[in-house]
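For reference, Swiss-Prot has these:
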type	residues	note
BINDING	Asp14, His15, Gly16, Lys17, Ser18, Thr19, Asn131, Lys132, Ile133, Asp134	GTP binding site
DOMAIN	2-184	domain 'tr-type G'
Amino acid sequence: MKHIRNFCIIAHIDHGKSTLADRLIQSCGGVTQREFHDQMLDSMDIERERGITIKSNTVTLNYTAKDGEAYQLNLIDTPGHVDFSHEVRRSLMACEGALMVVDASQGVEAQTVANLYLALEYDLELLPVINKIDLPAADVDRVRGEIDEDLGLDPFVAIPVSAKTGQGIEDVLEGIVKNLPAPKGDPKAPLKALVFDAFFDKYRGVILQCRVMEGTLKPKDEIHFMHADRDFTVDELGYNQFKLVPKKELTAGEVGYIVAGVKTVQDIEIGDTITLANRPADEPIPGYQPARQVVFSSVYPMSTDEYQDLTKALEKLSINDAALTFEKDSSAALGFGYRCGFLGLLHLDVVQERLQREFDIGLVISAPSVQYKIKLKDGTTQDVDNPTYWPDPSTIDSVSEPYIKAQILIPEEYVGPVMELCREHRSESQTMNYLSAGRLEVTSEMPLGEVLFDFYGKLKMITRGYGSFDYVPIEYRKTDIVKVDILVNKEPVDALAYLVHRDKSRARAMHYCEQLAEAIPRHQFKIPIQGAIGGTVIARTTIAPYRKDVTAKLYGGDVSRKKKLLEKQKKGKAKMKQFGSVNIPQKAFISVLRTDKD
């Protein structure tokens, strides 16, 4: 066991986690040169294209150190984006140590600090790595200072590397062996294994990625999931070395895969503890937290014929993505669809892109919303994330919305505009903390609903790309949320209703009305488009009618003839306005929902 090292790589987005992992894999001969490609641990096309890691991944590497000893290195790759922090948590629980990667030109950023706190929470040994030293803008000494001041880690242990050129990779491998601790655990104790990930194989069902904490696991063992309370029989187990390599047993300290005839990810809970059914452990591994959906949105197929395809596609996606939830939903305007729960906006974006790409389904997605807690006057409470189920305002006593604690790292010259941006997004308390020279940490409490739309994009724009942002959910607080209905020709359109803070309701309603006025074709009669809270109209635009020249056929003659025809047209238009239906094209919905802004 003393020759095993379980470690993960944690860093801010774009600091070079996946490239460093590639170099470690190459140095240890994890794959042949012919099989190698960039971003080895990123299995989805969308991960490679966007250069982001979405799903945790694992690989077992064999390394012979300079002292001649052979080591087994289990590298657990982790996503860097705040949406997938629950994946990071589970990966950290499976490790004893972590490589803390910092970009030599960018320095310490918000998620570096957030991941540091997470790693310390799980009591991991950290080895700082300064990456991208081949860049012209690299400043290793400055970054060493930041590692010391901002992170409180020993700057002299930090290893300068260039994952791109391969410089310093051997030092990292030696550093892992020397500085990171070996796992502890008793192979003879009752089995305790942590399921930190799972993926679906169409021939073998769900393949579980596990870290054995205590005990030993063998094929044909009957295993019990402690949180899900389900039993399965192990068919096969072994190491993941880009292909599954079967072994006779997995013992305490090892990381490997288990095939146990599990049909879908929904049958088990990721983060669960496995034990033996005939010799169970007393209690599960502590620290288990189910994934929490924070963003909700309705997803409709472009054409109603694709509803069955959408159902199958969501079922297939959720086999691999346990954090995606969905339930049936319908709209008078858009037909049948699903109300889906996501971990954040990037998760929504990734699911949307995968549905369109992998399953070739055109989608209309409603404006994302968070879950509000409503206390009614009769003393009951409701959780509502869909405007359709918003209760009558006269019955509501109070509404609470989720708040987050945002941690923003910026160069000090941008502090004014960033504070203003936070205030625009209804930030409540702001504190500033000076880090190393010229850098500030702004901590702010603000509603999650305000961060959903464009906060991150605006922050990047204001700080010219230097600002970084991370958040943790804190609590629900009372607020003044209203439901705004959009009426076209005095008829409410359910798919366009949204929930918003009263102060921002008019601006957003005006934006919706203007977008619709551009997208809906003109009719023979005047069409009012209104935004209303209850019975009060707060915004309005009008689509002007076509005018047919009914007097064109007259040639000379009396003026009363002309008046008679105009009068007849006026009556016809009044009748049409009363009974005529307005046809709202699909592209009108898409244009409104896509360009949604505050």
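Cβ atoms here come from the backbone N, Cα and C positions, even for glycine.
Following the DSSP three-state reduction, the secondary structure of Ser18 (GTP binding site) is helix.
Reduced to three states, the DSSP call for Ile133 (GTP binding site) is coil.
The most crowded of the binding-site residues listed here (Ser18, Asn131) is Asn131, judged by how many other CB atoms sit within 10 Å of its own CB.
With respect to Cβ neighbours within 10 Å, the binding-site residues Asp14, Gly16, Ile133 differ, and Asp14 shows the lowest count.
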